[in-house]
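Trainee: Annotated substrate binding site per TrEMBL: Arg74, Ser75, Gly76, Asn87, Thr91, Val92, Asp93, in sequence order. Residues or ranges marked as domain 'dUTPase-like' in TrEMBL: 20-153.
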Amino acid sequence: MQDVLGPTLRLIRLPHGEGVELPAYETRGAAGMDLKAAVGENEPLVIAPGRRALVPTGFIFEIADGFEGQVRPRSGLAFKHGITCLNTPGTVDSDYRGEVKVLLINHGDEDFAVTRGMRIAQMLITPVVQARIVEATQASETARGAGGFGSTGV
Ligand SMILES: O=c1ccn([C@H]2C[C@H](O)[C@@H](COP(=O)(O)OP(=O)(O)OP(=O)(O)O)O2)c(=O)[nH]1
Ligand SMILES: [Mg+2]
């Protein structure tokens with residue numbers, strides 16, 4: 001995978017991200033780079049059951065034109081603790097210059113403490129295109145027509 005040259009991702013470290021490891025692909029073929037929590041060293045962010053929290057990553061991500069960042073949950077956190085991303089997949093626009101944050105929700109039945117450096121989610125860099133938006137008066141004909149939501153059987 002790493003033989004395939006992807007776009008450059010510039011990361012601007014914010015003061016509270018000082019010392020936090022860069023997001024990284026954990027294995028050679030990993031689709032997503034793991035994002036780490038930039039919460040205070042002695043201030044874990046505790047998410048109670050049923051609650052949500054915006055977790056800082058400590059970085060501005062300058063995503064190349066023509067790409068987006070998709071913030072997705074980590075399956076291990078979901079399986080073991082019921083922790084997932086509420087807005088999955090989160091969309092990080094290429095023109096966004098604020099800090100990337102991860103919106104976690106606790107679907108488990110115990111408090112979950114997010115500690116500094118914890119790998120909380122993953123980000124995929126994915127190509128996007130913008131459509132040319134045109135209003136029309138009639139839909140074109142197709143074999144499917146208006147059939148959907150199980151119209152071809154289950
Ligand atoms: O998980 C996420 C999702 C979004 N963002 C940031 C980057 C993204 O470019 C911006 C806006 O996200 P989105 O378009 O999904 O939210 P919105 O509710 O439409 O806000 P806006 O009006 O700012 O576009 O928020 C994150 O940091 N993490
Ligand atoms: Mg938006």
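Including glycine, each Cβ sits where the backbone N, Cα and C put it.
Describe each of these features in terms of where it is and what it packs against.
Mentor: According to its DSSP assignment, Arg74 (substrate binding site) is coil. Packing around Arg74 (substrate binding site) is summarised by its Cβ count: 18 other Cβ atoms lie within 10 angstroms of its Cβ, all protein chains included.
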Trainee: Under 6 Å from ligand 1 by C-beta, which of these binding-site residues make it: Arg74, Ser75, Gly76, Thr91, Val92? Sequence order, please.
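Mentor: Near the molecule: Thr91, Val92.
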Trainee: Looking at substrate and its recorded binding residues Arg74, Ser75, Gly76, Asn87, Thr91, Val92, Asp93, figure out the farthest C-alpha pair and report it in angstrom, whole number.
Mentor: 26
Trainee: Considering every residue in the domain 'dUTPase-like' (20-153), what is the mean pLDDT value?
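Mentor: Mean pLDDT for the domain 'dUTPase-like' (20-153): 98.
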